[in-house]
Structures are given as C-alpha cells and as structure tokens.
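Reading through the structure tokens given below for one structure.
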Ligand code: HDE
C-alpha cells in the first residue's frame, strides 16, 4: 500500500520529468490565494510534505517498523546494530542550534515589495528602478532581549529585518521599530546586551529590562537617553507586528549611476497605523497568550488580510551633511520628519506564511552588510561595527561558512565565485579552477564591470589620523530625548511616567534609581518629578557619574556645555502615535459575550456589519457548547470564558436577550471581561436590552446614562438598538480611549 502511494507520487512528475511543486496545505486557508514569486519558486525544490509517501531513513531505505527498537529477544536489550533507532535518536539529539544572541524570539513571513516610482535619480539599485517592479522578500520580526520561547509582549524594541531577493543579489534592511539606538559605538554593544539580558548569577528576569544591571548601565550612559524615551513609550508594546513602524536607524547612502551619493534614512509605515496596548494588558497577554504577536501575524496572513507597509525614505543631499544641529552619523539621533519629509516609494505586502519555522524563520540570516549596487554605508560607528558582527554570528549559529546556501538565505540569482568547501557545502563546483587569475577556465568567473552591475564602493574621500575617540558632534544626548517626550500626547506622556516608575520600581539598588532620576531631570523635570514621587525619592538636579565614553587618558566632556542644547524644533507630531491612521477596523478582534437566550437578530446584525468591515468576531459563552438563542436557533461558540480573555480582543459587544443578560450579569467571568476591557480603554457596545449587564460592572456607573453617538465617541461606550453598529465601528477604529484611563479607572 505504502509503496503504491510512492508510485502515485512519482506519477505526479510532469512530462519534463520535473516534480510538480508540492502544494501548501490549503485546509486552513480561507480566502488567501497562493502567492508565488521567484523566491517561493526557488524554495519549492527543497520543500517536501511527506503526505501519502512511504517512511524512509535519511538514506532512503523504507522503514517497516517505526514503533519498536531492535532487541535481543522480546524482553532483551537493544542492539547496537539498529541503524534505524540510532539514526532517529542521533538526529533528534542534534535538533537544536544556538539561538540568536539578541533577537532570539522572532516570527517570519514571505512577501513582495513593489516599487511605486523609479528612484534612478537617487540610486542605481535595480529593485527601486521602475514603477511596479516587484521583488520577493522575507521578513523577520523579533523582540531583542528574551530567549526564543519568551513572551511576545515584553517591553522591548522590535526587530524589523527585511531580506529583498533582488536581481542584483540580496539586500538586507535589518532595522528596528524605533529610529534610534541605545549606544553610539559598536564597542559598547556587548556591554549593553550583558546589562539587559537576565542577570548572570540567577538568570532572572526573562525578557525584561526592569532590573538592576540594565538601569545601572543606562543611568551612567547619557547617550542612551533618547532611546530610553522610545523604549519606555508605548512603542515598546505594539498591538501587532502589523501595526508598528520600522526604521533602518543608521544613515545610509544611495548612489546613482553617475556615482552621486545622497544620505538616506529608511522607514516602514504600516497601513493599519501605529498602535499599542496598555502595559497592564501586555503583562496579562504574556500569560494568556505569549504567542500573541506571532499568532496575530500568522492568522492575518492565513485569512488573506495581508500586512502592508509603505517604504519611506528621508533624503539629505550630500552637501547638506552639516546642516543639522545633530550629526547624521550619530545613531542616537533621528531626522525629524518635519525637517525632512518621508517620501513613500514602495510597498511591502506580506502574503505567505513560512512552511517550516526552523527551515525558514530560524535559519534566516540577515546582515546589515548585505547591500546591492546603489546602496552603501556611512561612517556611523555603530553601523561599522555591525558590518563585522552579522556574518561572524552566523558562523557559530548556523555552523559554518556555507549558511548562504541554506534555501531561505540563497539569492534568486546564481552565485559564482572561487570560494570552496567548508561544512555542509551544497554547491558542486565543477572544473579544476578555484582561483583567479586562471587561464584554464578563461579567467572565469569574471569580474563584473560597474556598467554591468559590478558593485563599486562609494568613492568617499578620507583624510584622517587614526584615533580611538568619540566625535564631539555626538555629545548632545538630551535634546532629542526631550523633543520625543514633549511631542507626546498627555496619555502617552503618562504611560512613559508609569513605565519608568515600574521599571525603576523593580530596581533594588536605590542609588541606581536616584542616578536615573538625575538623567531624567536633564530630559524634562515634568518627567523626572512624577517618577521621583512614585519612587519616593528626591530628584537630583544634575546627573552623577555620567560616562561620556571618554577613554582612561582622555579629558572629561564638558557637561555644562551640552546641558542646555535645544533641538531645532520644539515638537515633532510625527513622534506621537496619537494622530496615526485610525480609519479602519480591518483584522480587529471583537468579542461577543453571549449565553443561552441571546437575541440572534442583535448578534447576527452586528456580526455581519463588523465582518463586512474586515473585523474578526468571536462568540464567547460560559461553555463551548453552542448557545441556544431566544428563537431556538443554535449559535456556534468560538471560545468559552475559560479560554478567552478580554486582553486578547480589541473591543467587546454584548448582544441583547433577556435570559442571556441575566446569565451574564450573574457570571463573574463575563463582568470581569467587561471591566477589564473598559480599564484598557477599549470600545464597548451593548444592546439596550442587555443594559443590566453593564449595570453590574464597575464602569456602569461612570459612563453617561444618556447615550448619543457623540458621547460614545468620547467615552468609548455605547448602549442602544441595532442601529449602534456604525458608531461602534468608528469607536473600534479609534483603537483606544486613553483619555478615560486615569479618571475612569476601574478595578479589573
Ligand atoms: Fe543587531 N544583531 N546588532 N541591531 N540586529 C543581530 O545577528 C549587532 C543593531 C537587528 O531577525 C545579531 O543574526 C551589533 C541595531 C535585528 O535575524 C548580531 C550591534 C539594529 C536583528 C547583531 C547591533 C539592529 C539583529 C544576532 C551594534 C537596528 C535580528 C543574531 C553595533 C538598526 C535579525 C544575528 C534577524 C541581530 C549584532 C545593533 C537590528 C549579534 C554588534 C542598531 C533586527 O549579529
């Protein structure tokens, strides 16, 4: 039987003898088409599904018994000659590879990048050379500090790494969801990572910066001040990987065919807007669904709601290099969008989940040094250090110099050079020559003239003395930190105060807390004072023990001279999430709280309305059994109160129904669900006949009794008949009603 299935699989071969690519399983897919591109096609040759096939050893020998090892008698010892057992266990013993030293926890997706308009004036990069040109991509999102199995909702920076499989080789844009970084020089990276990782004696805490060693380091590193503002903002707890920005961080160069270079900052702008969850919510999600972001990304792609990001560039002509009050080479600074607007030049669409996490997401190897002709580096000292680190780390993580041959990493264009051998070499290089010049193979492989696409490094003029030092132009550490804080809306500022109070509250050493307060005071006393109040500490006027990254024999930086530096603008609205895109409820998750006796008309009309806008509705009930509606119809239940939690949803609706309302009113889980959703500032809608359920909550008394659409859009709660759907949709699109967070706080 098994052999027959092998035969039938063989019969699947096309006339050309080429096996038809195995189809991805479609049973989970609802509406998603099967996208294909040059990279997906390339991967098919290495993809196998095993369905309908005979089991074999790794060497192709059919296996007759995969249940029992070979023994000396039924009750005897296992025989060493059992090659099937040995092979199976040996492979199992070696399944794990080292996790990434940073960014260990990640999720990947395939997609396509489409260029909007030729950028040939700025860069000769082929993938940006023509409107409509499509390039396959693989993207990996990650958290930084935690291990591979850590929670998605840690307060942390998110990695946003994109591999473009271009016709000129791979371009990796290895960015983060924050536009600046903690340090200015690669020399400090191991220190930073050692400080933030779990403490070395007891390996506590996991995936968290709220501990002594991190703040000990940060409180003495004034250059971290700006990044700390981002890390303590809601940007560090995104609602979804599909709802965060991405940044290349460093200033790069674009170089055109004439060799003219411009400075550039790279951006990703999510079309769904930039949204975050509340910190209390993030901590609860970490318990209820530590895979929250991974699942959200996977589900969106499986359902055909493909995540989309626009690619943006900020371009600074070479002659304007010194036009700004900060140094373009300093990775702790951003270029305010109000000074140099972001031009949107293309779109990234993530349209296919990986087939195998390990093969694709885990083995993907990104490198900031993977550039293509038309893109080049600057002297940013953090970028320069990264250029060394990424290949180096893959050598140990992926086990040798041939990691570029792993299917997910290989380019879609052919590779020819004289590199040979090494562990796990896949290419079978024919011929006698592996050197150049050679005459035995006509000097092949041949170098490519620049006119034919050969990479030529930007011809930057360098005239300098060797020196181990920090440029004075990097010394202004506080002005952009202040700009960030002062550009936030009031609720965002409050969240930063709360985050710092939490993080420093977890620090045991009082001197570290105090030192950090001194740093915060340089940024803004309006930030330092409430944090100091929370900690019960006096805020020092000036920071102490600041490390200006001066070598042992160097002169101390003149702290007084950098103290009062102001940023060239007072506010940058682009830095706040308050005005982000809020016009869609696509992929938003809405909980319907139900019980037997629910009014099916109320439930179904709201469901139809929300689903028509792309929202995802889950019917939740005390038990998983279908609920029997007032009209005796049976309504399938997606989750029970045991498996669902308000923190996993964006909004809540309570449909009408006298009996169901009586049940929900008396069910502590249902009431807790509502209280918690309210506490986290989510939209709540209630059918008028279920009003008693709202009256049983803590917030029932706090929201206005008289309901109008205008009030609902302010308070985030609406009670009414089936006509409330349109207002509810607007409320969900607003994401959160942060203004009610403090004044209307309820226990939950
Ligand atoms: Fe990384 N970084 N990094 N980094 N980084 C790694 O490479 C490093 C930095 C970023 O999904 C490692 O393959 C140094 C900035 C992302 O696979 C390692 C320095 C930015 C990812 C490494 C930095 C990043 C990494 C670990 C300072 C934003 C995940 C595993 C000089 C622009 C990529 C690996 C993925 C991963 C080194 C700073 C982004 C060790 C030395 C700044 C998104 O090579």
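Cβ atoms are placed via backbone N, Cα and C, with glycine included.
Whatever TrEMBL says is automated annotation, not expert-curated.
Annotated region 'Disordered' per TrEMBL: 1-69, in sequence order. Annotated compositional bias 'Basic and acidic residues' per TrEMBL: 1-16, in sequence order. The feature compositional bias 'Polar residues' is assigned by TrEMBL to 44-69. Annotation source TrEMBL lists domain 'Catalase core' at 56-444. Residues or ranges marked as heme binding site by TrEMBL: 100, 140, 189, 386, 390, 397. For 103, 176, the entry in TrEMBL reads active site.
Positions of TrEMBL features highlighted on the structure.
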residue: 100; record: heme binding site; DSSP (3 states): coil
residue: 140; record: heme binding site; DSSP (3 states): strand
residue: 176; record: active site; DSSP (3 states): strand
residue: 189; record: heme binding site; DSSP (3 states): helix
residue: 386; record: heme binding site; DSSP (3 states): helix
residue: 397; record: heme binding site; DSSP (3 states): helix
Number of helical, extended and coil residues in the compositional bias 'Polar residues' (44-69), per DSSP: 1 helix, 2 strand, 23 coil
Between residue 140 (heme binding site) and residue 103 (active site), the C-alpha gap once rounded to whole angstrom: 10
Intrachain C-beta neighbours of residue 189 (heme binding site), sequence separation six or more, cut-off 8 angstroms: 183, 382, 385, 389
Residue 103 (active site) and residue 397 (heme binding site), distance between Cα atoms, whole Å: 13
Distance, residue 386 (heme binding site) to residue 103 (active site) (CA atoms, angstrom): 14
C-beta crowding around residue 176 (active site), within 10 angstroms: 24
Between residue 386 (heme binding site) and residue 176 (active site), the C-alpha gap once rounded to whole angstrom: 14
Cβ-Cβ neighbours of residue 390 (heme binding site) (radius 10 Å): 16
Cβ neighbour count within 10 Å of residue 103 (active site): 22
Under 8 Å by Cβ from residue 100 (heme binding site), counting only residues of that chain that are 6 or more apart: 106, 142, 393, 397
Least Cβ-crowded entry, counting other Cβ within 10 Å, from the binding-site residues listed as 140, 386, 397: 397
